[in-house]
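One structure is given here, and the rest of the page talks about it.
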Amino acid sequence: MNLCCKAAGLCHSVTMKSKYFQYYNKTLITYHYAYAKNMTANETKEQYKVKKQLTELNIVLVILCTIIILENLLVLLAVFRNKKFHSAMFFFIGNLAFSDLLAGSAYIANIFLSGPKTLELVPVQWFIREGTAFIALAASVFSLLAIAIERFIAITKVKVYGSTKTCRMFLLIGACWVTSILLGGLPILGWNCINNLPDCSTVLPLYSKQYILFVVSIFTLILLSIVILYVKIYLIVRSSRQEATNLQAYALFKTVTIVLGVFIICWLPAFTVLLLDSSCSMQLCPVLSNAHVFFGLATLNSALNPMIYVLRSKDMRREFLRVLCCWGVLQSGRPSERCLVQLKSSSSMEHCTNKFEHQTTPIMQTCTTCV
């Protein structure tokens, strides 16, 4: 009895056709999920029939994703409507907010297309469901890396974002999205386990284990790169004797600790589960059956990013209040025309941003607290 028969209870002729012809096969997902769970096709169908569309955890995640969407939309509106934020630093923050907003939207869509609706999907729909979430979450992670790169360049180079070099910023943002789309789109382009059940992931039964291992490796390299960049930034600021006082160095170290700590807390469990998935079955590693919990925790990073990268700016906080005032949320008897009053810069982030955009000397000499 071959592996298809063992998984489904009958022979399925997927190996006789090109995998691309299987993208609209309505029964293929059932067989892949049955194989992943070591069940028959009928047992798998019965199990998914009794599943709730919205469990208690899913309701919490939907609320969390709604918060993610709203707070990152607020960031985008603040950056868009205030010309004071039309600078490199805030464009990167806006890019991060946009990727996090998409992550929240994609995860909500994933929740409503999961559970009993999973087996109703055809493979191409399943790839779009999972691929969109991968693209959005990967873009969020790559945006964190882009911010780390930008901050490192800002304190080590001269006049990085002058009027003639703005293209560097857009190239970095463009590379973030091209890489994310490519990374999330590889399975639908052909790097999947259709026609090769032994290579199938347990958590994501149409994805190849090699692809899962590849994604984990990429994200691990990103984490290490962010750590290295922030360590170098900290060492540069600490070694600067002109303006980098102990207090400023400590403030920078505190910011770096928050950034890296939240990133690791949110993503490391998901990385660990995916790493186990590439080398362990559900029978030997029961934690794989709860992988959705760890993916939900990773999504939490998209809710925390605006707090870490944006809310440290007093000007951005004031712009948030102004936007909410214009929406009628926080008017408190104030005249609506006050919502349109332009800001006067007061935050260290804004001062640092204005300084390094037209700087003629290394940033580390004049602005060491903008990270």
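Backbone N, Cα and C atoms are what each Cβ position is placed from, and that goes for glycine too.
The feature transmembrane segment is assigned by TrEMBL to 59-80 (among others).
If you average pLDDT over the domain 'G-protein coupled receptors family 1 profile' (71-309) in this model, you get 82. The feature domain 'G-protein coupled receptors family 1 profile' is assigned by TrEMBL to 71-309.
Taken from TrEMBL, the feature transmembrane segment applies to 92-113 (among others).
Per TrEMBL, the feature transmembrane segment maps to 133-149 (among others). Long-range contacts of the transmembrane segment (133-149) within the same chain: residues 92-93, 95-96, 99-100, 102-103, 105-107, 109-110, 172-173, 175-177, 179-181, 183-185, 215, 219, 222, 225-226, 229-230, 259, 263, 267, 298-299, 301-302, 305, 309, each at least 6 residues beyond the stretch ends and with a Cβ under 8 Å from a Cβ of the stretch.
Residues 19-20, 91-92, 95, 99, 124, 127-128, 130-136, 138-139, 142-143, 145-146, 149-150, 206-208, 210-211, 215, 218 of the same chain, all 6+ positions outside the transmembrane segment (170-191), place their C-beta atoms under 8 angstroms from a C-beta of that stretch. The transmembrane segment annotation in TrEMBL covers 170-191 (among others).
Here TrEMBL flags 211-237 (among others) as transmembrane segment.
Feature annotation from TrEMBL assigns transmembrane segment to 249-271 (among others).
Annotated transmembrane segment per TrEMBL: 291-311 (among others), in sequence order.
Taking Cβ pairs closer than 8 Å, the transmembrane segment (92-113) reaches residues 53-54, 58, 61-62, 64-69, 72-73, 75-76, 79-80, 85, 121, 125, 129-130, 132-133, 135-137, 139-140, 142-144, 146-147, 150, 169, 172-173, 176, 180, 295-296, 299, 302-303, 305-306, 309-310 in its own chain, all 6 or more past its ends.
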